[in-house]
Structures are given as structure tokens and as C-alpha cells.
Amino acid sequence: MNESFAQLFEESLKEIKTRPGSIIRGTIVSIEKDMVLVDAGLKSESAIPVEQFQNSQGLLDIQVGDQIDVALDAIEDGFGETLLSREKAKRHEAWLILEKAHEKSETVIGIINGKVKGGFTVELNDIRAFLPGSLVDVRPVRDTIHLEGKELEFKVIKLDQKRNNVVVSRRAVIESENSAERDQLLENLQEGMHVKGIVKNLTDYGAFVDLGGVDGLLHITDMAWKRVKHPSEIVNVGDEINIKILKFDRERTRVSLGLKQLGEDPWIAISKRYPEETKLSGRVTNLTDYGCFVEIEEGVEGLVHVSEMDWTNKNIHPSKVVTVNDVVEVMVLDIDEERRRISLGLKQCKINPWKEFSETHKKGVHVLGKIKSITDFGIFIGLNGGIDGLVHLSDISWTIPGEEAVVKYKKNDEISAVVLQVDAERERISLGIKQLEEDPFNTYIANHKKGAIITGIIKSLDKKNIIVKLPENLEGVIKLTEITRVYSETMINKLKIEDKILVKLSSFDRKNRIIYLTIHMIDEDEKKDLTAPSNNKTNDDSFSNVMTEAFKAAKNTE
């Protein structure tokens with residue numbers, strides 16, 4: 001009875017071991033080009049594809065006679081052969097290792113080999129695990145290029161074989177390794193200390209440095225005295241650097257580091273080293289839309305504003321003048337030590353065309369140039385040196401209003417003008433066209449003395465004045481109040497527009513360029529006809545009406 005029970009038990013064990021999916025022991029019988037023959041003590045030897053025995057480098061790490069674990073795929077495949085799998089057995093072994101590591105909180109070796117949503121994938125002996133982004137390190141890590149492809153230690157924090165789900169943490173390993181070292185470092189750490197560290201990670205705002213169990217932040221503004229666009233300009237991941245502890249918050253375990261603080265501040269007493277108007281050479285480090293930055297010494301940069309790049313083009317883009325790494329000559333315009341700002345000038349190291357023009361073109365000098373533009377207030381003329389001069393509307397003609405006189409000019413016309421004024425500081429040149437000729441007003445009053453009797457033509461009138469056209473395109477003014485005191489309303493009404501009239505020069509207003517006239521006094525017999533001989537037969541009722549009103553107004557005043 002006992003023998004029968006023992007026999008049945010042994011047979012049942014064999015049956016369990018030979019069920020599909022079970023792991024059994026086998027011996028390598030032979031190794032062929034494409035297949036490996038394995039004897040697992042079953043009905044027949046099984047051929048397993050050689051690829052299942054290759055390592056990650058594609059090499060075989062077995063030899064004939066080795067005993068290995070294999071998974072039983074099928075006892076009978078329909079052709080009388082048993083199917084075995086080395087690959088499934090290795091995967092089973094890998095899961096056992098992970099389960100053991102998870103239970104005992106041991107580390108496993110894996111390789112980060114890809115990025116997925118929320119984290120990364122890790123290869124653990126043919127098992128694909130998930131590494132959350134927050135568990136890569138004790139500090140946030142955006143870029144894992146320096147970690148990918150390397151064998152790293154991880155801790156298994158979640159395991160579910162049925163769902164094929166494995167979650168690992170690298171952060172847990174680091175925290176465990178650093179705990180003792182970290183405690184000692186935190187105890188000894190003091191502000192102002194000089195320490196060594198290894199750059200672990202770079203961000204847009206700085207670099208995280210491992211001080212030996214404790215990470216510190218080296219902010220981008222504390223990397224160098226000069227302006228730094230990105231931390232990679234100063235340090236790289238893996239660099240061992242000397243740094244200074246700037247601030248240490250023990251409660252929050254936060255450490256602020258400084259690299260530039262290891263050296264002297266180059267901004268101290270910089271105004272003494274570089275007084276205003278000092279000329280020096282520097283290297284262009286960066287271009288912007290508003291100017292370029294020039295390094296004048298290690299850690300010190302100044303800004304050449306776009307307005308200080310070229311004398312004649314105020315809106316030129318910096319890239320049209322300089323390029324990065326150009327060595328240029330600049331002038332110190334202003335230094336603000338408190339705000340650590342230096343204003344530099346590029347154009348100040350070149351000839352100032354405005355100053356040069358002022359030295360070679362005094363008032364009254366004639367110039368020749370093409371019209372560059374015509375505006376509501378005047379004409380701009382291009383001059384030598386790439387600068388412009390302005391002819392104001394009031395300086396186009398002596399006798400014709402500027403708005404009318406400017407009409408005969410057009411862009412690109414070559415014209416002459418006279419220099420009226422040069423303001424090199426404000427970069428302004430005033431020119432005149434009418435000054436090319438004598439002022440007809442001055443000429444006229446020079447040739448005609450007060451009291452001279454001349455002939456004019458009535459041009460227009462209002463309730464106060466009669467405007468009289470004179471020779472040389474000049475005009476004179478007769479005040480109606482002067483007329484009504486001498487002549488009757490009937491006589492006044494004889495006057496008509498375009499009538500020739502004898503007038504006497506009364507006075508000159510040089511400032512306002514006005515010639516005042518009076519009607520020439522004549523004998524009583526001659527008052528019948530105030531006007532000079534004329535063929536004008538035109539009656540002007542409006543003129544007569546105005547004269548009548550003016551006459552009445554004058555009488556009422558009396």
C-alpha cells in the first residue's frame with residue numbers, strides 16, 4: 001500500500017513538472033548554426049533557436065554540457081516533438097529576482113533606454129520597467145542623456161507580474177547611499193565655505209551640484225560676473241567644480257552656491273579704470289534688436305545701443321554693423337556701478353560727419369545735393385558724409401508762401417542751397433533756398449525812402465486794410481482809418497480792385513516784413529479822381545460796400 005502511494009505521488013510530481021508553462025532543467029547536447037539541442041529528460045530532445053541564448057552583444061554565453069532552465073511550451077507539437085523555450089525561462093528567472101529584490105528591498109541593475117509619458121523605460125534582464133520622472137534623482141531631471149545606456153542601480157517599489165507592471169526608483173538608491181554622508185555634510189556645512197561638487201543636472205536657470213549627499217543650486221546669475229545665456233556656457237554635467245556656499249537653509253535643506261564669488265568682483269572701482277570717453281577694444285558677445293553687448297574685460301560687458309552704432313542711420317540693425325566675436329573699438333559713455341551697467345558707443349570712435357561738416361561749412365556756404373524727401377514742414381537734402389540738411393518751408397521763397405513754393409520740387413531733384421546754421425550736437429543742419437538770392441524786401445526799402453510816391457495796384461481789402469501790390473512781388477498795407485479821415489465816402493467808393501493808385505511810403509516793419517502806405521495827398525480839385533490813369537472799367541460792388549462800412553465805422557469812432 002505504501003509503495004503504491006509513493007509511486008502515485010512521484011508520478012503526480014512528474015506530471016506537474018511536465019505541464020506546459022512549467023520550468024524544467026535541461027542539458028545542452030549540441031550547438032548548431034541556427035539551433036541549440038537540449039535534453040530535458042522528455043520523450044525527445046528539443047531544438048531551441050540559437051537567438052534565445054545570445055546576450056545583449058549578440059554572443060553565446062553557453063557551451064555543450066551546460067545545464068540550464070527552460071520553459072515547457074508543449075509536450076507534443078503535432079509532429080512528435082517537445083517544444084522548449086530558453087527565453088521564457090530567463091524571463092521567469094528575472095521575475096524571481098525582482099520579487100526577491102522587492103521583498104528584501106535590495107537593488108537591481110538596469111539600463112535607462114527610452115522616454116515615455118511621465119518618465120522613462122528601464123531594461124531589467126529582459127523585463128521592461130517604468131521609472132517615473134520624479135524618481136530619477138533627488139532633484140528634478142529634465143535631461144537624462146548623461147544617464148542613458150549606463151548600468152545603474154534601482155529599487156523595485158511596485159511589482160505585478162500578472163499585469164506585467166514593474167515600477168523602479170533611482171532616487172531611493174541615491175537617498176539610501178547618501179544618508180550617512182548627507183548627515184555628516186549637513187552638520188559641517190557653513191555659509192562662506194569653499195567646497196567641491198559634481199554637476200548633476202542643468203536647467204535654464206542654473207545647475208544642480210552634488211556636494212556629497214546634498215545637492216545645491218548654482219544659479220545662472222552666480223556662475224560668472226558677465227551675462228550668461230545658458231549654464232552650459234560655464235559648466236557641463238559631470239564637471240567637478242570648486243564653489244562657495246552662499247546661503248544654507250538648514251530647516252529646508254536648501255543650499256545656494258556661487259562660482260563667480262570665488263574671484264574678485266570686476267565691477268569694483270570700474271569707473272576709475274574706465275573714465276567716461278575712454279576708448280578701448282572689446283569683443284562682441286551678443287546681438288539683440290536694440291544693440292550689441294561687448295565684453296571689455298573678463299566678467300564685464302557693456303551695451304552699445306543701436307542709436308550709438310552709426311552716425312547717420314539711427315535704426316540700423318546691429319547685425320548690419322557687427323557680428324558675434326568681432327573685436328571692436330568702443331568708447332565709454334556712462335557707467336552705473338550700482339546697477340552694473342555700462343553704456344558704450346561705437347560711432348564715437350569714428351569720424352562724426354556732423355562735426356566734420358560744421359568745421360568745413362560755415363554759415364553762408366553754398367551746397368549742392370539731391371532731395372531725399374519732402375515733408376509737411378520742408379525739404380531734406382542729402383549732403384556729403386551721408387547726412388541730411390533741412391530747408392524749412394519758410395526758407396524756400398522770399399515772396400511765395402512755402403506751401404505753394406514747395407510744389408515745384410520733387411524727390412531726387414538736384415538743387416543748391418545756403419547753409420544757415422549747423423548744430424553738430426543735435427545733428428541738425430538748416431539750409432535755405434531763398435537765401436541764394438537777395439531779399440527783395442531789403443532791396444526795395446534800400447532803394448525807396450520814406451515819403452516816396454509810387455504807383456500800386458489794389459489787390460484786396462478787409463474792414464481794416466487795403467492790400468496794395470507793389471513792384472518786385474511785394475505788397476503794401478493801407479489802413480482804412482487813415483483814408484476815412486481825409487476823403488469822403490463818395491470819393492472812397494470810387495476805388496476798385498485792380499485799380500492803379502498813387503501811394504506814399506509811410507513806414508517799414510523790418511521784423512514782420514510789412515510796408516505801410518498812405519494814399520498820396522492831392523489838391524481839392526484833384527480829389528475828383530483818386531486813382532492813377534487806368535483802363536479798368538470794372539465795377540466792384542463788394543469793394544464799394546466794404547469801403548462804405550469802413551467809412552461809417554471811422555466816422556462813428558470820431
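Keep in mind that glycine also has a Cβ here, set from the backbone N, Cα and C atoms.
According to Swiss-Prot, the protein carries these features:
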- 21-87: domain 'S1 motif 1' (DOMAIN)
- 105-171: domain 'S1 motif 2' (DOMAIN)
- 192-260: domain 'S1 motif 3' (DOMAIN)
- 277-347: domain 'S1 motif 4' (DOMAIN)
- 364-434: domain 'S1 motif 5' (DOMAIN)
- 451-520: domain 'S1 motif 6' (DOMAIN)
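Most Cβ pairs within less than 8 Å of the domain 'S1 motif 2' (105-171), among stretches 21-87, 192-260, 277-347, belong to 192-260. Across the domain 'S1 motif 3' (192-260), the DSSP tally of helix, strand and coil residues reads 7 helix, 35 strand, 27 coil. Secondary structure of the domain 'S1 motif 1' (21-87) per DSSP (helix as H, G, I; strand as E, B; remaining residues coil): 6 helix, 31 strand, 30 coil. The domain 'S1 motif 4' (277-347): residue composition by secondary structure is 7 helix, 38 strand, 26 coil, according to DSSP.
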